[in-house]
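K.L.:
Got a structure here, written out as structure tokens. Questions coming.
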Amino acid sequence: MSQHVMFNAVLSSHPALFIQGEWRIGNGVSFEKQDPMSQQRLWQARAADHTDVTLACHAARAAFPAWARASLEQRATVIQQFAALLEQHKQSLARTISLETSKPYWETLTEVQAMIGKVAISLQAYQTRTGHSQTPMGDSMSVLRHRPHGVLAVFGPYNFPGHLPNGHIVPALLAGNTVVFKPSELTPWTAEETVKLWQQAGIPDGVLNLVQGGRETGEALAAQPDIDGLLFTGSAHTGYHLHRQLAGQPEKMLALEMGGNNALIVEQVKDRDAVVNLAIQSAFISAGQRCTCSRRLLVKTGAEGDAFLLRFTAVAQALRIGRWDEQPAPFMGAVISSQAAERMLAAQQHLLLLGGESLLNMTRPDSQSALLTPGIIDITNISEVPDEEYFGPLVSVIRYTDFTEALKIANQTRFGLAVGLVSEDRQQFEQLLLEARAGIVNWNKPLTGASSAAPFGGVGASGNHRPSAFYAADYCAWPMASLECEHLTLPATLSPGISFDLPKV
């Protein structure tokens, strides 16, 4: 480990909870974060127990009235100061994310840049999606306003520990909500460093609170009567659990952004290396740990498809993998933990036992590291393919005969996050748009490509119809409709059955 890393690593238990503007030591169990590459300890602290979580929610509730009544300009000033601090500390935060996730430094720099860009996008989205509008109606005015929910719990994932929670926290605060943030227990350090920047930005006490920990902390937060909503990004398994936990509480807003078993259809291969590059980016970027990564690669049967697969396999085998700060820079690093690496290897073995054919065997070169090499497995001949999101560098190949069959296969999943098409036939893309059950449908672009100026989310097991990104503003505030008239006068025409022509008493 470099001297720089040793200097910055948090190697002893410390105050890692941020509640009511103060850093506190948790009352829960001690837990630690290890470097996925070296397994050396990076961070250690005590988790938040039920008492800590309750305290954080009470702090957020107490801070809500003043924050909600502050002007939009006042709230935006704090958030813009946070963006300025992100710019100032971009490199150090990117290094922290790289250490925790093993993502290459070039990639985590883009993550912090996305966090910065989220502020301007969120301001635009707030005004576009949930702003103030009025329409004349005779002698009155129809006015639409939006009001914050109150206290929102934000659950962050580990694959983008800066960007994805930021995509909930920024619009939530902008709308006037207060927040209790529970990051993944696999990326506590990134969360701590991010909240320190919010503190420097001048966020008022209690407006943003941080509780660290695993499942017990998360369940305690979801069970809090003081929260008015919960914003979650993570696995379908955890999302379903939270949905059940909040069942029978329609008064609480629940936004679930979950994973996908995404299909990339390779219908035409005009420029072979261009298609291979797109497929590599779709399958293996971030070591396959993006919810939009292609888990299923649908390749047309025939010589063109055969040649594409040979080239795809060769390029995947030659991908540079390694430590985040190595030079030349690697394309991808390790998966998030040794346990995640073991799950991926078990998934590959399961598919092979079902009858899959390995085109490129995923391996773990060092048992003391979570680094995996890319894997490609042909599952065309498996009769009952598991409909699972294997969150790592493993892609399944399915051969098909015609486009109609490809569309059918693409939709054979309980998920509905992303689907993509490689073809120069516009009519095929139009057909895909009509038949796809997915929130993101890309044409000749990587599945992992998305715009912050568009909604991000899916259907089925990929979410509960509350897409994030530009549409996050929608669930961070509720609409208030008013009919308004400054002066009350008796209508010239009364409703039938009403008369004021009464005998004098």
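Glycine residues also receive a Cβ, built from the backbone N, Cα and C atoms like all the rest.
From Swiss-Prot, here are the annotated features:
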BINDING   GLY234, SER235, ALA236, HIS237, THR238, GLY239  NAD(+) binding site
ACT_SITE  GLU257  active site
ACT_SITE  CYS291  active site
K.L.:
Which one of these recorded positions has the most other Cβ atoms within 10 Å of its own Cβ: ALA236, CYS291?
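P.N.:
Buried the deepest by this measure is CYS291.
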K.L.:
Sequence gap of 6 or more, Cβ distance under 8 Å: name the residues on the same chain that satisfy this around GLY239 (NAD(+) binding site), in order along the sequence.
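P.N.:
Correct list: PHE232, LEU256, GLU257, MET258, GLY463.
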K.L.:
Taking each of the binding-site residues GLY234, SER235, HIS237, THR238 in turn and counting other Cβ atoms within 10 Å of its Cβ, which one has the fewest?
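P.N.:
Checked GLY234, SER235, HIS237, THR238; of these binding-site residues, fewest Cβ neighbours within 10 Å: HIS237.
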K.L.:
Can you tell me how far the Cα of HIS237 (NAD(+) binding site) sits from the Cα of CYS291 (active site), in Å?
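P.N.:
Approximately 13 Å lies between the Cα of HIS237 (NAD(+) binding site) and that of CYS291 (active site).
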K.L.:
For a quick check of packing: other C-beta atoms within 10 Å of the C-beta of GLU257 (active site), how many?
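P.N.:
Total other Cβ atoms inside 10 Å, all chains included: 28.
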K.L.:
May I ask for the distance between GLY234 (NAD(+) binding site) and CYS291 (active site), taken between their Cα atoms and rounded to an integer number of Å?
P.N.:
8
K.L.:
Give the distance between the Cα atoms of THR238 (NAD(+) binding site) and CYS291 (active site), rounded to the nearest whole Å.
P.N.:
14
K.L.:
Quick one: Cα separation, CYS291 (active site) versus SER235 (NAD(+) binding site), in Å?
P.N.:
9
K.L.:
Looking only at DSSP and grouping its letters into three states, which state does GLU257 (active site) belong to?
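P.N.:
Where GLU257 (active site) sits, the three-state DSSP reduction gives strand.
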